[in-house]
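Worksheet: the structure to be examined is printed underneath.
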Amino acid sequence: MADSIHYELQYLDLMRRIWVDGDERVDRTGVGTRSLFGETMRFSLKDDAIPLLTTKRVYWKTALRELLWFLTGDTNIRPLVAQGVKIWTDWPLEKYRKATGEAISATDFEARIVADADFAAKWGDLGPVYGHQWVNWPRYEPAGGGLFRRADHGYNQIAALIDSLKNNPGSRRHIFTGWNVADLDRMALPPCHMTYQFHVRSDGGLSCLLFQRSCDLGLGFAFNIFEAALLTRMVAEQCGLYAHEVVWTGGDVHLYLNHAELVEQQLARVPEGKPRLRILRRPPSIFEYRFEDFVVEDYAPQAHISAPVAV
């Protein structure tokens with residue numbers, strides 16, 4: 001996209017096209033959606049640019065905490081909730097309510113998750129979701145007699161990616177994915193932003209292509225694109241490269257029918273400003289970044305727009 005055209009206009013155009021021309025269907029949640037299939041957007045990361053939406057406030061600190069949590073390989077919501085991050089609560093809460101019949105509020109459930117480690121261990125785990133697959137993809141080793149057993153330590157796709165980019169930058173195999181077919185049924189939610197491919201330009205620029213099988217354009221996308229850009233910046237820094245671009249491709253890109261007010265408000269707004277992301281410290285590895293290492297500047301978004309989450 002030309003530098004003179006605001007990066008967010010392509011997002012608003014996609015939102016408008018989905019709302020006007022999208023195929024209306026009943027979805028898994030029962031809410032109903034309008035969707036288009038197979039859409040692509042490109043976002044420059046040059047000069048510290050970061051694709052934060054400006055037509056509504058994006059709580060980028062929450063997204064940052066989520067990405068750092070992914071990189072730990074943890075799958076329990078307890079460390080997130082302890083930091084005030086509640087974006088994953090709905091799934092274990094629904095499971096708890098169905099299993100026990102207790103009409104517990106989200107606030108009380110989260111308080112118990114933080115206060116009681118045993119309760120969190122039983123009810124706060126999401127299954128082998130994103131981070132587990134990223135850094136601990138299951139491996140199997142011979143157990144004799146033609147049998148195999150699960151190895152004690154899984155395969156760290158992120159560490160392998162960094163090594164590959166450093167030692168073989170021209171490779172076309174710089175890929176990691178969270179889509180482990182054998183584990184899908186044990187996940188609270190199968191990965192939406194599922195496969196990442198990286199590309200090193202001849203001038204040392206690093207680009208990331210994210211394939212997202214399912215995209216809630218009204219709510220989830222803002223976090224998805226920010227985290228993809230943030231991860232690209234972190235990977236580039238670790239590999240001595242500069243961040244060039246994020247290319248986003250969505251499979252089923254949809255708007256929920258109960259997001260009409262969100263769509264109307266957001267399409268009435270004009271994007272403005274060019275936020276920047278600065279990384280204050282380069283740790284020895286990508287797994288050692290801390291929350292305080294990141295600063296977003298020149299971000300003056302318009303007012304927050306609330307909308308219900310479809311579980």
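The backbone N, Cα and C atoms fix where each Cβ goes, glycine too.
Noted in Swiss-Prot for the protein shown:
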- R28, R172, R173, R213, S214, C215, D216, N224, H254, L255, Y256: dUMP binding site (BINDING)
- C192: active site, nucleophile (ACT_SITE)
- D216, A310: (6R)-5,10-methylene-5,6,7,8-tetrahydrofolate binding site (BINDING)
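A gap of 12 Å separates the Cα atoms of H254 (dUMP binding site) and C192 (active site, nucleophile). Looking at the residues that bind dUMP per the record, R28, R172, R173, R213, S214, C215, D216, N224, H254, L255, Y256, the two CA atoms farthest apart are separated by 36 Å. The CA atom of S214 (dUMP binding site) is located 5 Å away from the CA atom of C192 (active site, nucleophile). For the binding-site residues R28, R173, D216, Y256, A310, a Cα to Cα distance of within 10 angstroms from C192 (active site, nucleophile) holds for D216. Geometry remark: Y256 (dUMP binding site) versus A310 ((6R)-5,10-methylene-5,6,7,8-tetrahydrofolate binding site), CA distance 8 Å.
According to its DSSP assignment, R28 (dUMP binding site) is coil.
Compared over the binding-site residues R28, R173, H254, the count of CB atoms lying within 10 A of a residue's CB peaks at H254. Here D216 (dUMP binding site) comes close to C192, H254, L255, Y256, A310: these same-chain residues lie at least six apart in sequence, with C-beta atoms under 8 angstroms from its C-beta. Neighbour density for A310 ((6R)-5,10-methylene-5,6,7,8-tetrahydrofolate binding site): within 10 A of its CB lie 19 other CB atoms from the protein chains shown.
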